Each structure stands twice: as C-alpha cells, then as structure tokens.
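For reference, TrEMBL lists these features for the protein:
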- E240: active site, proton donor/acceptor (ACT_SITE)
- 1-151: domain 'Histone acetyl transferase HAT1 N-terminal' (DOMAIN)
- 250-301: domain 'Histone acetyltransferase type B catalytic subunit C-terminal' (DOMAIN)
- W163: site 'Interaction with histone H4 N-terminus' (SITE)
Amino acid sequence: LVRFPEDLEDENTTFNPEYSHQVFGDDEVAFGYKGLKILLYYIAGNLSTLFRIEYTSKVNEKFDCVEADDVESKIREIVPPGFCTNTDDFVSLLEKEVNFKPFGMLLHTYSVHNEEAGEDITYQIYKADMTCPGFREYHERLQTFLMWFIETASFIDVDDERWNYFLVFEKYNKDGATLFATVGYMTVYNYYVYPDKTRPRVSQMLILPPFQGEGHGAHLLETVHRYYMSSPTVLDITAEDPSENYVKLRDFVLVKLCQDLLCFSPGKLMQGFSQEMVMEAQQKLKINKQHTRRVYEILRLRATDMGDAEQSRSYRLDVKRRLIGPYKKKQRELAKMRRCLRPEELTNQLNQIDINMQHEQLEESFQQLVSDYRRVLERLAQA
C-alpha cells in the first residue's frame, strides 16, 4: 500500500497473500519460472494499481517443449482494467492522491494510539453505496484483496441494491495536506423478512494486513451494529458462514453492547438464561436468540466464582445442557434405529455412538468454550 514514492522500494511495507488457490489452483503453483515475483502496488487511498511480473528465467516452448503458465492473464481475471504497468505512470497518479476523499456518509470517528509513531492516529468509518461517484470502480479494486485473504471469497453482484458497504479509512498528513488510506471494509446484504422487516447479513469483512491486530474489526462491527440498531425495520443481524476469528470478534462486540442491559445484571445472570434476555437483546440491539445465549454464557462466566464448587458446577451444567443438544439428537436417532435396523446394522451404528466418547467430547467442547470466553472477558477488561 503506497503513500509515498519511496514506499515502492521499501520491503517493510510489503505483505504476502494468505491464500492463492483461488487464482493458481489447489497446489498454489505457477509453473515454468525461476525467481518469479508477482508485484501488486496499490495507492493507499483510491487503490489505483501497479502490476508487474519479475523472474530470472522462464521455460521456452520452442526448446523445452513445455509452456509456462500465463500468470498475467490469471491476475487480469481479478484485477480490473486500467491498472498501471509503468512505475512513472503510477507515481504520477500518486501525486493526485490528495484529491481522494472517502465515499458516502461518515458514521464514526475513533483514535488508536500508535506506539511506533508515538501519537494517536484518527480513523473514520463510512457507509457507501453504488450511487456515490467513483465508488463502483474503487470497489472493483478493493474486492481484489478478498482473493488473497479470505479462503472462500467471491465477488458480489454490485447491481443488487440490497448491498450496503461499510469502509474504514485512516487519516494521515502528507506535505501539510490531510489524506485518507484504506484500512478495510465490510459488505452487508439486506434480506427480506415477512411481512415488513429486513435481516442484514454480514457477507464479507476484511481488515487489510498492515492494520490487523489494532482493533479496527471491533470498531467496524460495532459501528455497523449501531447503524442497524436505529432502524425499526431491522429484525436482527446475522453473518454468512462466519469464520472462527469472526465469531470471536462478534462475541467481544456483542458482550460489550449487552453488558449494560438490565437483564444481564449479575443477579439475573445467576438465575439462568431467560426470555427477557432474548427479547431485550433483540429489540434494543438487534441480536438473535442464538447469539444472545453466547453473550449470556460469557457474562455469566464473569459473574461466577469458578473457585466455588457449587457456582462452578451450576455454570458447567448450564452450558453443557446447551452443548448436549446434538448428542440428544443422536440418541433419538438411535431409538428409531432400534425399531428399524437388523441386529448387525444396529451394532455398527452403536459403535459410532459411543456414550463414553460423547461425554469426553462434551467436556472437551466445554473447556474450549470457557477458554474462548475467558479471552473475550480479558479483552473486555482492557477495552
């Protein structure tokens, strides 16, 4: 991500993809080159792109009887037309970066202290849509990062008006002027719920690698939640196929939002999960029942003295009653099998539903959950 011409030669600003299978196949191999480097430079704000390929040698079809992979055409499939191949052209675009401004409506401004710079850096979150001039082309460049950093990414249909886009920018100074750098973004699809509601579903969320680990994801998700909370037509907010990291982030944000609700006071937490919690979290914060249950378990863990045998046992049983659901389903399936299967078939199924193994798995799931919950509470204590 380039802010100054010298960034082009600075190896410290380079970051590598986590995935390349979506472009180069499951083996993640580009055949036929020695010393291959695929170089993509993006102007930090508007993401204008410079694309270069370098290598020390390449197989020759005429002499080696094999053909090297066409790396350039593979990259062209995801990088939109109009990119630079010449450094001078790219630097001339960089000089115009002072004219770039964020798209859409400003929702939230926050600061993060940067130890290296020794100062607070300001960030802003905007909501944009395809009616914003220049946003369509900017989004085409922005979404190319998905292919390298989200394992099952795909480009969305931007002509569908039910998409909302939320963008994070850093404000920085260059030669006395204020400029903006792209930090990350989120796309949300608004599903219709009969008769007159919508259910926003988070589809894609990415904080670019140079900014990861600084808390921007939490700011973004909380801002998006607060944006939808104010709408009377929103039922609740969900996510499409959430990753493990997203679930941990969501746990933190939702617990932070819920902890001050009266229904989650320590006294009520110790009485168990209630319909009051479900109703209040849904009505005030647009959180569904499943996510509210996790919030309850995390906040009850904070209110529980795990050194007290009775409190600890009560908490463990409460969580395990929820976790045991899939195992009880297996038991019901087993009861049906007893009526339907021949003895040898039943024996085979019984081997797969070992009761002792289920208890071990249940305890393992519980311990993992408590470990995850403690991390959420530690982060909350530092927030």
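Cβ atoms here come from the backbone N, Cα and C positions, even for glycine.
TrEMBL does not curate its annotations; it predicts them automatically.
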Would you mind reading off the Cα separation of E240 (active site, proton donor/acceptor) from W163 (site 'Interaction with histone H4 N-terminus'), to the nearest angstrom?
14
For the domain 'Histone acetyltransferase type B catalytic subunit C-terminal' (250-301), would you mind checking the mean pLDDT of the predicted model?
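In the predicted model, the domain 'Histone acetyltransferase type B catalytic subunit C-terminal' (250-301) has a mean pLDDT of 97.
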What counts of helix, strand and coil residues does DSSP assign across the domain 'Histone acetyltransferase type B catalytic subunit C-terminal' (250-301)?
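With helix first, then strand, then coil, the domain 'Histone acetyltransferase type B catalytic subunit C-terminal' (250-301) has 40 helix, 0 strand, 12 coil.
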Cβ neighbours within 10 Å, counted over all protein chains: which one of the recorded positions W163, E240 has the most?
W163
